[in-house]
Amino acid sequence: MSIVTRGVNIPLNRAEGDLEVRVEIEDGVVAEAWSAGTMYRGFEAMMRGRGALDGLVVTPRVCGICSLTHLSAAVAALDAIAGVEPPDNAWRLRNLALMMETIQSDVRQSILMFMVDFANRQAYHDLPLLEDACERYSPLAGRAAIEVVRETKRLLQGVAIIGGQWPHTSFMVPGGVTSMPDVSKILQCRIIIERFIAWYERTILGCSLERWQQVGSVTDLENWLEENDAHQDSELGFFLRIARQSDLHLLGRGPNRFLSYGNLVLPEDTTVGGFDGKVSRAGWAEGAEVFPLDAGKITEDTSHSWFAPGKPPLHPFDGETKPYASGHSGQVYSWVKAPRYDGQVAETGPLAEMIIDGRPLFKDLIERQGPSVFARQLARFVRPAALLPPMRVWADELRQHCMDLFYRSVKMIPDGEGVGMVEAARGALGHWVKVRDEKISHYQIITPTAWNGSPRDSEGRRGAWEEALIGTPIADQANPVAAGHVVRSFDPCLVCAVHCLQSGRRTGRMKIDSNR
Amino acid sequence: MKRQKTVYWLQGGGCGGDTFSFLSSEFPNIIELFRRLELELLWHPSLSNLSPAEHARLLADILAGEQPLDILMVEGSVICGPAGTGMFDTKDGQPKKEMIYNLAGQAGLVMAVGTCACFGGFGNDQVIEAIGLQFARKQRGGLLGSDFRSASGQPVINLAGCPCHHDVIAGALISAASGVNLELDQYQRPIEWFGTTVHQGCTRNEYHEYRVEESDFGELGCLFFHMGCAGPLVPGPCNKLLWNQQSSKPRAGVPCFGCTDPDFPRATPFFQTPNIEGIPISLPMGVNRAHYMVYKGMAAAAAPDHLKKRTSKV
């Protein structure tokens, strides 16, 4: 007879209570999981009736770590409504700032949020690499932690040069950007990028960007690790070694379906390559098989969420956000809505981007092993290696084209509707906006964490990390590190899940803080 | 042995932006700051590595008075909805506002970090009933009540801004660790950083002086008259200390949104200046309307060519 423990309270570290996951454990592994996200801040309700451009100021405040991503989505929706094509320099500046923000998030998440879990003496007392991990990742003290705080801060100085400050600037406006930095400032940005590349190569990769790009399969990856001490000792090398010892490739499979909206619109005149006018491709994937994306297939389901009941799943142009606090009863258990693509659950984030862009290492990884904590976190560790080379190019192109346009005048936003779909550090982010009489009449946001951390839908299908938790071994219910790695590998940001209300059941929760 | 001063950082209804601003503190950076000031960071939701059991014990010890708490930093608003219950924002099933209230009662000094914690900020409408620690917008009271004083005898120190400037957070911590009592303005913001307007130090000031104004993005003139810039209306150090050691929004062509004001976010549209006959309805702090109209009329007439032709860089 199997041993079943229901409603298990599984606490995790760095918990503030934004996310609560309840699990049922059967014979030492997770058999069921319910993820209840928490904070409701009413942003969409706040937007209705405000000025047409106010999304540029209000929505960055949804999230302090990806504030430029919300700005990017908000401005893309307004560009669409205004029917304006921003000039090349605007795309270069918007992209550079967004890439800087994404890279700081990837690096901070990898070192300060994910790897720090291995510096947990209580949980990992018998891990051979524990002392090394503590020396690298202890909060405010570890070698890598100190370097990451210093280097990400310096990278963000580039955003301030372009947009005035970080976080919470609004320098992207329909038609382009609000200013063009002086040539000396563009050159300074170039140096900031170059300096960051040198640090990223030395500390995170342990090799040059060019050497890393040659890694195109799981076998290549194994050979790369064994190649020399620099690879072994880098943060990536350390992650690969600790992942092997902790079997991270066996953890957290998830739905094995992936979604990316594509990202970084290419200027018309550029040497940077991409797909369909963007650096990364919009798409939908089942395993490693990629299909074109049809945004009309996106819906939000509220059958298990605390919102006004009785509506079928709706497209975000028709969606509503009416909180309805019914308490902890029946099947309703979360304040996050359940976004679905063609009715299907999907995960989003750097791994989805890598698969949909057809990067050979990740295609091979998914075909051989399927998705996992390892694959997800590896994608986040190395995404900056894909972003940094185009940043170099765009900084140079800005210098060459410094007298060209950066803004096309948009005197007024006409009535209409538009969508802004971009890739945040955590994955697919969309703003669906309607404007009437120069005021916002409708605003719906679907965040990456709503995709990854959604509750069940009306068909009973689990959300992405609920699904990924199934089968996770729980050796010690008081210290379920494996379950923590699973949820953290999605880089949860519950501040971002704008629909969430901070609430929860009194018993039976696993708790993980948001990454902010 | 001298006891280390302790800091507890709590997040309520917010975006974490103040934490991310604080991470951009350059001199000293946050790690050097805690080390040099010999501050012990008991807890920060994104930086600490305590297990929930250890965290629960820490909280119990603070509330029992067994663990001294010298400085309480609160980021994010106090969410009171729905219907005043606070159940939109809970920890372990209890409204987080109760936790904030109880911790404030034990703290040597309480600092509200960011406009949400100071005044309610985003969510200060009826949707989630957000308020600040000692204010609800401009109204005194807030969660703790207007008579609240921490053990040091000081009211809540309001480090306003959305987010609060990194140098203000660092500077306020340095003052607190050094036992310096900061002088406060009527909204309890330290005069040290909120004694000048955001306008002060703006590189568009020459354009402002001669009323050379813009009505579209991407230009060099002043953003106050048409573009909704609140720089002359609100206090803050953005053009004095600079963001990320580099710049400020107005320098990059983005109007100041007035985020240090208790009424932020304002109800009227951003990027627009409500005005009567081209003169803004809200005038710079303390200015007489009739005098201002005469002065600006004369100033515009006296504007030099290098401003009228926009050859002066910002």
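Including glycine, each Cβ sits where the backbone N, Cα and C put it.
Predicted automatically and left uncurated, TrEMBL annotations should be read as such.
Copied over from TrEMBL:
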- B:C15, B:C116, B:C162: [4Fe-4S] cluster 1 binding site (BINDING)
- B:H199, B:C202, B:C222, B:C229: [4Fe-4S] cluster 2 binding site (BINDING)
- B:C238, B:C256, B:C259: [3Fe-4S] cluster binding site (BINDING)
- B:15-174: domain 'NADH:ubiquinone oxidoreductase-like 20kDa subunit' (DOMAIN)
- B:194-271: domain 'Cytochrome-c3 hydrogenase C-terminal' (DOMAIN)
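This view paints the features noted in TrEMBL onto the structure.
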residue	record	Cβ within 10 Å
B:C15	[4Fe-4S] cluster 1 binding site	36
B:C116	[4Fe-4S] cluster 1 binding site	34
B:C162	[4Fe-4S] cluster 1 binding site	28
B:H199	[4Fe-4S] cluster 2 binding site	25
B:C202	[4Fe-4S] cluster 2 binding site	26
B:C222	[4Fe-4S] cluster 2 binding site	28
B:C229	[4Fe-4S] cluster 2 binding site	29
B:C238	[3Fe-4S] cluster binding site	28
B:C256	[3Fe-4S] cluster binding site	27
B:C259	[3Fe-4S] cluster binding site	25
Chain-mates of B:C238, B:C256, B:C259 with C-beta within 8 Å of site centroid, [3Fe-4S] cluster: B:G161, B:V198, B:A230, B:G231, B:V234, B:G236, B:S248, B:K249, B:P250, B:F257, B:G258, B:T260
Cα proximity to B:C116 ([4Fe-4S] cluster 1 binding site), best match among binding-site residues B:C202, B:C222, B:C229, B:C256: B:C256
Integer Cα-Cα distance in angstrom, B:C222 ([4Fe-4S] cluster 2 binding site) to B:C256 ([3Fe-4S] cluster binding site): 11
Those binding-site residues, out of B:C162, B:H199, B:C229, that come within 10 angstroms of B:C256 ([3Fe-4S] cluster binding site) at the Cα: B:H199, B:C229
Helix, strand and coil totals (DSSP H, G, I; E, B; other) for the domain 'Cytochrome-c3 hydrogenase C-terminal' (B:194-271): 9 helix, 6 strand, 63 coil
B:H199 ([4Fe-4S] cluster 2 binding site) to B:C259 ([3Fe-4S] cluster binding site) - Cα separation in whole Å: 13
Residues from the binding-site residues B:C162, B:C202, B:C222 that lie close to chain A, Cβ under 8 Å, in sequence order: B:C162
Listed binding-site residues B:C15, B:C162, B:C238, B:C259, filtered to Cα within 10 Å of B:C229 ([4Fe-4S] cluster 2 binding site): none
Inter-residue Cα distance where the pair is B:C162 ([4Fe-4S] cluster 1 binding site) and B:C259 ([3Fe-4S] cluster binding site), in Å: 5
Inter-residue Cα distance where the pair is B:C238 ([3Fe-4S] cluster binding site) and B:C162 ([4Fe-4S] cluster 1 binding site), in Å: 11
Additional residues around [4Fe-4S] cluster 2, ordered along the sequence, whose Cβ is within 8 Å of the centroid of B:H199, B:C202, B:C222, B:C229: B:V198, B:R204, B:N205, B:H208, B:L223, B:F224, B:G231, B:P232, B:P250, B:P255, B:C256
